[in-house]
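Trainee: The following block contains the structure, expressed as structure tokens.
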Amino acid sequence: MNRPAVLKDRAGERNRFQLRLLVAVVVVLVAFGGLVARFVWLQILQHEHYQTLAESNRISILPVPPTRGLIFDRNGVVLANNYSAYTLEITPSKVSNLDETIDGLSTLVEITPKDRKRFNKLKDENKHFASLPIKVRLTDEEVAKFAANRWRFPGVEINARLFRQYPQGEVGSHFLGYIGRINTQDLERIKARDEERDYKGTDHIGKAGVEQSYERELHGVTGYAEVETDASNRAVRTLRTKAPVAGNNLVLSVDIELQKVAEKAFGSRRGALVAIEPETGGVLALVSQPGYDPNLFVDGIDPQSWKELNESPDRPLNNRALQGTYPPGSTFKPFMALAALEYNKRTPHQAFFDPGFFVLGTHRFRDDKAGGHGYVDLYRSIVVSCDTYYYMLANDLGIDNIAQFMKQFSFGQKTGIDIEGEKTGVLPSREWKAKRFKKREQQKWLLGDTVSVSIGQGYNNYTPMQLAQATAILANNGVTFKPHIVRFVENSVSQQKVAVEPKPMATIPLKRANLDVVKRALAGVNTDGTGATVFRGAPYIAAGKTGTAQVFNLKGAKYIASATKEHLRDHAWYMVFAPLDKPKIALVVLVENGGFGAQAAAPIARQVLDYYLAGKKSTEPAAEAAVESD
Amino acid sequence: MKIDLKQIWRRLVMHLDGPLLILGTILISVNLVALYSASNQSTDKIIAQLTNMSVAVTVMWVAANISPQRMMLFAPPLYLLGFILLIGVAVAGDVVNGARRWLHIGVTRIQPSEIMKIAMPMMLAWYFDRREASLKIKDFLIATIIMLLPVALILKQPDLGTAILVGAASFYILFLAGLSWYVVLGLVLAGVSGIYFVTHWDLCIQLFHDYQCRRVATMIDPMADPLGDGYHTIQGTIAIGSGGIFGKGWLAGTQTHLDFIPERTTDFIFAVFAEEFGLVGNCLLLILYLAIIGRGLYISARAANLFGRLLAGSIALSFFTYAFVNMGMVSGILPVVGVPLPMVSYGGTALVTLSLGFGILMSIHSHRKMLQS
């Protein structure tokens, strides 16, 4: 190593370095001296104290789990509560022959094959040394019988535990969700959030719906008890305790009676319904049919029920309101009309002639009504649901304006509702198409795409929740709330209620005159148009729009419902808010493969509105109305 | 041709350092003794640790046989590699237990922050060695930047324990290179006010992760969180305190064998040792560590060039940091930050890193004469 000669004094340099080393040595000695002092303090001066702690008592600190918060509907009806019951529990690690033990137990307590299967499933999912329930809800007699024979069953115990119960059964299962035993994935999540300390002693966690999304509120804070244990690790004496803090209660904005009416109105049909209170954003009802019984999940679902739910072609575990995406069909038209007015592309009185089709290049876009609707202005385009009017509008408005306008109404956007798993859907735009397709020639946005989009077909794909949110925003004149199922969180200690989303998050700047034109046309739908048959004699003015979404492209052939396979039939839509002048409820109904919106979806909406606005109870599933077109 | 076994043996051991080798062997024996007890007499764990040790000894031997001049060539690329991997972790690392520390590289996954424990002091020692003739304040500023970038990335993972170790190793280099006494004094004051800061919850959570603050708060009052972090500290102090002067004897620690001590083979192995061997054992262990640190500092003082002096000093003092922070946290005078007890805690990674440090010390010492001549 050849370097320019070091000019500085080498010896001096070395001395300075060694001084530094000396300082370091002093620091090391002082620090180690500190450790020695600490050891002397612990091992000599405090030795007796720690000796007692370690030797005589064998202190254990046992977690005391908190009581989970309750869930109520907006009128105080209980949707989820806890009850105390005796369970018969086995700790597999303490039992030598499980089958023999269970056989022995079944002579004292009734153990069904379902119980056995469920237990085996639990055993596979849990740690070996966990205490797992073989039978829940023991009768007093069974408890007494087992207690007398307890000595025969080491590793088997009776415990009093709190159980979750959903008194409404299937009603509202999709927003309520359920709790289930904590599995490895849940454990990872708990660890990631650094909440392990709070889940010591807790077996269950929210798995779906508000039980999942409000887990933190509902769970509470785990307390602990410092106990003295004897040689066999049984608690002998409690030294001190810190009481757990119960979880907070939830008060939902849902009206469970309304929810029942809505679910009943569906009958055996598949679909979704979302009802929102426009002036608060609170969800009044959220239906996804079919549903399931959340009580099945609480103690660990048995494999057979799980298989039935999981493999049913009707997919009852799927929350269609948030996770199903569908083209909106003609329910898109009122928003298109409003966009046309706002962007000054149409005036309310401009009329166009509809010959029954629209030609773009070589392609002929057909209207539903053969021969066309004749002269149509904006009002009539909504009332009679004229496709040709919107085909013509497509080019004038352009896809960029459509995408920009619809985005504000949450089309193709997550609405931010307080349940997990919401789908985004597709709000078609140039950027979306460029990203969606790989091949260059498919990436280009075509005018024909805009024409399809303008009547709610084509690439459009939205959740019922999104359309309901758009309807609520329209009803509320552009004032936008984040939709929410939970209205208040009620503190379990102070009983204080905290509102969840009390303030609007945005206001879309819309002209009042334009809103009035569209709203009047929507009211016209139910007096003179496609919804007139269904809403005859309603004691309120409802502003609605029917829609029918194509599932299957018939390539020009005429659609005949009875000749089309059930799962390829059109989806029926209906969007509505009422009363017209001061909307109390905004509502969207989707009936999967239901056919025409006016026929299948609108009658359900009518029943719900009748109940909510006029206090009429429904008894029968909504009858399909005999209507021709959409 | 006759194979001269003596010659081969001499060649094998020529760069090894007797005192360090003996001290290291004693420490490794302590490791096996404590581990056997802490793992409830698991021979599997002992065998696994012996495997780790054979890797560690190989690494040490290789490092001892690389001359410091060659090491200097490695310094910047190694630092750069470590830094790039750290950025890789921040961008695409695996999240385990809420911290992003691991990086997948093809077949295996590594913890790049571990590389920095050696790469960082090497890089800084290399830098100061190059600038030796014309050392200015500017150089300390540049060195600080070299130090802070990786430390910030490690803190962000978050891995407070490793950040402290890497930060301390770098600080020792700066200190030994002649960092102004005023700055040192300023840092000490900043450290004291920093402790004040982290012990005040409201201020703390604005800068650090919840759990890091909670650990500090727990250190001050373990009973504030007896099911969580406080549990470690409470059980650790009970184990140490109940050990008394002479300890409960090997394999006879009740705290250990009744499963009260968490992570008792790794970060908390000192609690096991202290319970079974008492104050006497603790003091012997401290003396052992002091001897190793002393030998390291002696090697530093005798080193031939600035690179060797700084690197040896930093490695010796890093060894001190490990030992002090670990024993401090187990006995409840420092927060629980996840630093292992050097060469005693179970686990391969830290053992290999520390042995690499030993090897470098040996290399610096055994090559000193060649460099001087």
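Each position is counted from 1, following the chain as shown.
Using the three backbone atoms N, Cα and C, a Cβ is placed for every residue, glycine included.
Quick paste of what TrEMBL says about this protein:
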- B:12-34: transmembrane segment (TRANSMEM)
- B:78-96: transmembrane segment (TRANSMEM)
- B:137-155: transmembrane segment (TRANSMEM)
- B:162-184: transmembrane segment (TRANSMEM)
- B:277-298: transmembrane segment (TRANSMEM)
- B:310-337: transmembrane segment (TRANSMEM)
- B:343-364: transmembrane segment (TRANSMEM)
Trainee: For the transmembrane segment (B:343-364), give me same-chain residues lying six or more residues beyond its boundaries with a C-beta closer than 8 angstroms to one of its C-beta atoms, as numbers and ranges.
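Mentor: Sequence-distant neighbours of the transmembrane segment (B:343-364): 15-17, 20, 24, 27-28, 30-31, 34-35, 38-39, 45, 49, 51-53, 55-57, 59-68, 71, 111, 114, 117-118, 265-267, 269-270, 273, 295-296, 299-300, 303, 308, 311-312, 315-316, 318-319, 322, 326.
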Trainee: For the transmembrane segment (B:277-298) and the transmembrane segment (B:78-96), does the number of C-beta pairs under 8 Å, pairs 6 or more apart in sequence, reach 3 or more?
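Mentor: In this chain the transmembrane segment (B:277-298) does not contact the transmembrane segment (B:78-96) - fewer than 3 Cβ pairs sit under 8 Å.
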Trainee: Using a Cβ cut-off of under 8 Å, list the residues of the same chain at least 6 residues beyond the transmembrane segment (B:12-34) that approach it.
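Mentor: Contacts with the transmembrane segment (B:12-34): 46, 49-50, 53, 61, 64-65, 250, 269, 272-273, 276, 285, 288, 291-292, 295-296, 299, 342-346, 355, 358, 361-363, 365-367.
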Trainee: May I ask for the residues of the chain that lie six or more residues beyond the transmembrane segment (B:78-96) and have a Cβ under 8 Å from a Cβ within it?
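Mentor: 102-104, 109-110, 112-113, 115-116, 118-120, 122-123, 146, 149-150, 153-154, 156-157.
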